[in-house]
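This report concerns only the one structure given below.
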Amino acid sequence: MKKRRTFLLFSFTFLLLLSLSKADSDGDLSAMLSLKKSLNPPSSFGWSDPDPCKWTHIVCTGTKRVTRIQIGHSGLQGTLSPDLRNLSELERLELQWNNISGPVPSLSGLASLQVLMLSNNNFDSIPSDVFQGLTSLQSVEIDNNPFKSWEIPESLRNASALQNFSANSANVSGSLPGFLGPDEFPGLSILHLAFNNLEGELPMSLAGSQVQSLWLNGQKLTGDITVLQNMTGLKEVWLHSNKFSGPLPDFSGLKELESLSLRDNSFTGPVPASLLSLESLKVVNLTNNHLQGPVPVFKSSVSVDLDKDSNSFCLSSPGECDPRVKSLLLIASSFDYPPRLAESWKGNDPCTNWIGIACSNGNITVISLEKMELTGTISPEFGAIKSLQRIILGINNLTGMIPQELTTLPNLKTLDVSSNKLFGKVPGFRSNVVVNTNGNPDIGKDKSSLSSPGSSSPSGGSGSGINGDKDRRGMKSSTFIGIIVGSVLGGLLSIFLIGLLVFCWYKKRQKRFSGSESSNAVVVHPRHSGSDNESVKITVAGSSVSVGGISDTYTLPGTSEVGDNIQMVEAGNMLISIQVLRSVTNNFSSDNILGSGGFGVVYKGELHDGTKIAVKRMENGVIAGKGFAEFKSEIAVLTKVRHRHLVTLLGYCLDGNEKLLVYEYMPQGTLSRHLFEWSEEGLKPLLWKQRLTLALDVARGVEYLHGLAHQSFIHRDLKPSNILLGDDMRAKVADFGLVRLAPEGKGSIETRIAGTFGYLAPEYAVTGRVTTKVDVYSFGVILMELITGRKSLDESQPEESIHLVSWFKRMYINKEASFKKAIDTTIDLDEETLASVHTVAELAGHCCAREPYQRPDMGHAVNILSSLVELWKPSDQNPEDIYGIDLDMSLPQALKKWQAYEGRSDLESSTSSLLPSLDNTQMSIPTRPYGFAESFTSVDGR
């Protein structure tokens, strides 16, 4: 009887488990059929069998439970079924590089899921509970999706086994979560969040993290990067194109660091020796910051991108700084190297235009840093500048004590440290030194008394004991009366002072504008250097009848000696009479015309000081729909864009109905002139090395536009006539952002000016949909033109060859037989050159893929072209050739005040996987660095 009962119990349990297993497998069947319906794959896809476990790219267990869905790179469209969350045994969901749209369904509860790959699709939203209950999750890749703005959810905390989190170009907003540190994710090694909308500072909770690859570039992140010095596992750090500031940290603990990209930030101070001595370092990019001190010297094995002129080094080549510069930098170090000082304190002579510095016969006599929002302490290094007569540090946020070393200055007359947060005893200065410490409540008190719980009142008296209590009681009523009387008098005095200030301000404005230009004046706004309301610091070296200024002159108080005065001019907008502008263009003479286009005519001009400019006279129809304020707002955005491969917009001119843009002058004209009209113009044909370099220049400029953290631009009309060359035969992209100035609505001429047939991406021409991939397509056409020497549309050719892109792809399919005939006959084809041309041709084919998602980003193009420019060098270089390019040369700095430089991001890559191609041609262009996830695209890391 007992045996029978046991047998029945066993049989019941077995049948129950069998039925549950059957129910689970039926649930998987239902979920997979829903997935098939929502994706609607073609019949050739291999999903026709009624059993999903027999479908291609699907892996199941022996009990028919689905564990893997691996359908990446399949060209699938449609949406994802919410029934996916029922696949409770699913371990890998790989859907990358498709065209799937709609929301990402909730995956909460998929406790077995280890890998989630959704990159490079068109998903538009992601639920907040997407990671809820995913306790086995190890890798997340959701890059390059047009999600609605979202923040990394708290539910990610459940995935404590996470090793890789990649969400580049995924519209992530908010701040970087503090829970991404080692306490929650001890195994996290890849953290990629490039090109999103993250703000705030790096959380200190990242300290101790073993992350090896950190991509946070292209955001709005601020603050310092001190936390990096405690992330000792780092191998790759890309923080470029943010708003980081402060000095670089100590890198001595980062023994495995190989690649460091910090370009396009506001870092200050010297490059630390700990970075220079790293044995593991291979690539470093520090261009376009405010780094100071001597030019750093890295090991010969390190690929360095460090444009000397885009930082604030004392010299243009390695060498010791002037002793005066060394002392001033040590002083700045106590203030944590303020950006405002770093922007001004450039070069090796502090007596030439350094903000707050005045000299006599080459000796520093005055340091005036009042109202500079300084923090930190007063450096003892002030005492090393023996010629100092005045030190003005008032109205800042300085702490600490006044250094004893200042008393040793033999020529010191004035020390003003008023309105700070200093404490401690004031050192004994000579009797003839005027010391102003007003506005420091704790001056005269030592630090121990300030930190004591029973510290004295601000007056300094302890008042302890019985007598003290009695004194306080006796003083109470008189003090109360004094407070009332003082308040009344103080109020009356305040009203009087305010009235006086308003009167002075009014009189000053009358005086300031009484001699200004009439309504005919043209305002040329200088390049933006910071806040919209911030004036530009200029130094007046002379005067001119053609250039006036609105200025205030400030003289340091307390002296009548001329040599002791510091004069600084606050200049707002430069005023240039319209007669001057007309004069330099011969009244907009046709002889001065450089070219014309959809936006208007461009004239050449030369200012009185020899500076050449290009004046674009906008067509009335282009901007008729724009109000003054709107036009000014649009231009204000454009003037913030600074890059060495973008034509500098110096300012805008307004005079009645006329609206003019003032650009830097590019003497060698358009790329079109050198590529298609060289023979008629009497020019030399472009060498292949020149074409490569020009292509790289354009790619870098457009990459910068696409990656702007504060305002993303799409050019929409990229073509050779919008690419201008300087005397050094380096390229700059012109007319970027001008489509924004065109009026909107059906009457807009945007369709005429926002693109040129032959360069238009198919989706833009058909639907008007604009993404950065529109520019990528145009760039691919330009690459084809550089290779063939033919125009994008050439009606002189046979009908089947008129359209360059179609003809080029047909020719390239048969590389050996026909493609060599398609190459420009002026290019000298040796073996190395031909290999280089083939690589660029492959890149051009990718860029001109029909579907936008199949095209790479501009960062990918930069990677490919920069490797060719660096590694492929023709053996026969003619030093007498005026068109020869020294790849190491600096670009000319005709307009330094408004230009900044972008550097290379030659971060190492090697071939691993291939982009899909419409013509099924075998490709050899590397699409991701070795060892990185399959969903990698180079935009993620630039």
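Note: Cβ is positioned from N, Cα and C throughout, glycine not excepted.
Under the heading N-linked glycosylation site, Swiss-Prot lists ASN86 (among others), citing sequence analysis as support. In the three-state DSSP reading, ASN86 (N-linked glycosylation site) counts as helix.
In sequence order, GLY75, LEU76, GLN77, ASN121, ASN122, GLU851, TYR853 constitute the residues six or more apart from ASN99 (N-linked glycosylation site) in its chain with CB-CB distances below 8 Å. Annotation source Swiss-Prot lists N-linked glycosylation site at ASN99 (among others), citing sequence analysis.
Taken from Swiss-Prot, the feature N-linked glycosylation site applies to ASN158 (among others). Counting every protein chain shown, the number of other Cβ atoms lying within 10 Å of the Cβ of ASN158 (N-linked glycosylation site) is 18.
There are 19 other CB atoms within 10 A of the CB of ASN164 (N-linked glycosylation site), with all protein chains counted. Summarising the annotation, Swiss-Prot assigns N-linked glycosylation site to ASN164 (among others) and lists sequence analysis as the type of evidence.
Sequence annotations record features per position, and here Swiss-Prot assigns N-linked glycosylation site to ASN171 (among others) based on sequence analysis. Sequence-distant contacts (6 or more apart, same chain, Cβ under 8 Å) of ASN171 (N-linked glycosylation site) comprise ASN145, PRO146, PHE147, LYS148, SER149, TRP150, ASN196, ASN197.
Other C-beta atoms found within 10 angstroms of the C-beta of ASN230 (N-linked glycosylation site) number 15, with every protein chain shown included. Per Swiss-Prot, the feature N-linked glycosylation site maps to ASN230 (among others); the stated evidence is sequence analysis.
Sequence annotations record features per position, and here Swiss-Prot assigns N-linked glycosylation site to ASN285 (among others).
According to DSSP, ASN363 (N-linked glycosylation site) is assigned to a strand segment. Taking the Cβ of ASN363 (N-linked glycosylation site) as reference, residues of its chain lying under 8 Å away and at least six apart in sequence are, in sequence order, SER387. Per Swiss-Prot, the feature N-linked glycosylation site maps to ASN363 (among others).
As annotated by Swiss-Prot, N-linked glycosylation site applies to ASN397 (among others). Counting every protein chain shown, 13 other Cβ atoms lie within 10 Å of the Cβ of ASN397 (N-linked glycosylation site).
Annotated region 'Disordered' per Swiss-Prot: 437-471, in sequence order.
Marked as repeat 'LRR 3' by Swiss-Prot: 111-133. On the 0 to 100 pLDDT scale, the model's mean across the repeat 'LRR 3' (111-133) is 94.
Proximity of distant same-chain residues to the repeat 'LRR 8' (232-253), defined by a Cβ-Cβ separation under 8 Å and at least 6 residues beyond the stretch ends, is recorded for 189, 194, 209-226, 259-272, 274-275, 277-278, 280, 285, 291, 333, 336-337, 339, 707-709, 905, 907, 941-942. Taken from Swiss-Prot, the feature repeat 'LRR 8' covers 232-253.
For the repeat 'LRR 9' (254-278), the residues of the chain that approach it from at least six positions outside its boundaries are 212, 217, 225, 228-229, 231-248, 284-294, 296-299, 305, 312, 329, 332-333, 337-339, 341-342, 902-903, 905, 907-908, judged by C-beta separation under 8 angstroms. Annotated repeat 'LRR 9' per Swiss-Prot: 254-278, in sequence order, evidence recorded as a curator's inference.
Annotation source Swiss-Prot lists repeat 'LRR 10' at 280-300, citing a curator's inference.
With a threshold of 8 Å between CB atoms, the same-chain residues lying at least 6 positions outside the repeat 'LRR 11' (361-384) that come near it are 324, 327-328, 330-331, 333-336, 338, 340-341, 350-351, 390-406, 408-409, 411, 416-417, 422, 556, 563-564, 566. Swiss-Prot lists 361-384 with the feature repeat 'LRR 11', giving a curator's inference as the kind of evidence.
Look at Swiss-Prot and you will find 24-482 tagged as topological domain 'Extracellular', backed by sequence analysis.
Here the Cα atom of ASN158 (N-linked glycosylation site) is found 36 Å from that of ASN285 (N-linked glycosylation site). With a 10 A radius on its CB, ASN86 (N-linked glycosylation site) counts 18 other CB atoms from all the protein chains. Annotated pair ASN164 (N-linked glycosylation site) and ASN397 (N-linked glycosylation site), C-alpha to C-alpha distance, rounded: 42 Å.
With a threshold of 8 Å between CB atoms, the same-chain residues lying at least 6 positions outside the repeat 'LRR 3' (111-133) that come near it are 67, 72, 88-105, 139-148, 150, 153, 155-156, 158-159, 166, 853, 933-935, 937. For ASN285 (N-linked glycosylation site), the nearest neighbour among the listed glycosylation sites (ASN86, ASN230, ASN397), judged by C-alpha distance, is ASN230. The two recorded residues, ASN397 (N-linked glycosylation site) and ASN230 (N-linked glycosylation site), have Cα atoms 28 Å apart. Cα of ASN230 (N-linked glycosylation site) to Cα of ASN86 (N-linked glycosylation site): a span of 42 Å.
Per-class residue totals from DSSP over the repeat 'LRR 8' (232-253), listed helix then strand then coil: 0 helix, 8 strand, 14 coil. Mapped onto DSSP helix, strand and coil, the repeat 'LRR 9' (254-278) counts 4 helix, 8 strand, 13 coil.
With helix defined as DSSP H, G or I and strand as E or B, the repeat 'LRR 3' (111-133) counts 0 helix, 7 strand, 16 coil.
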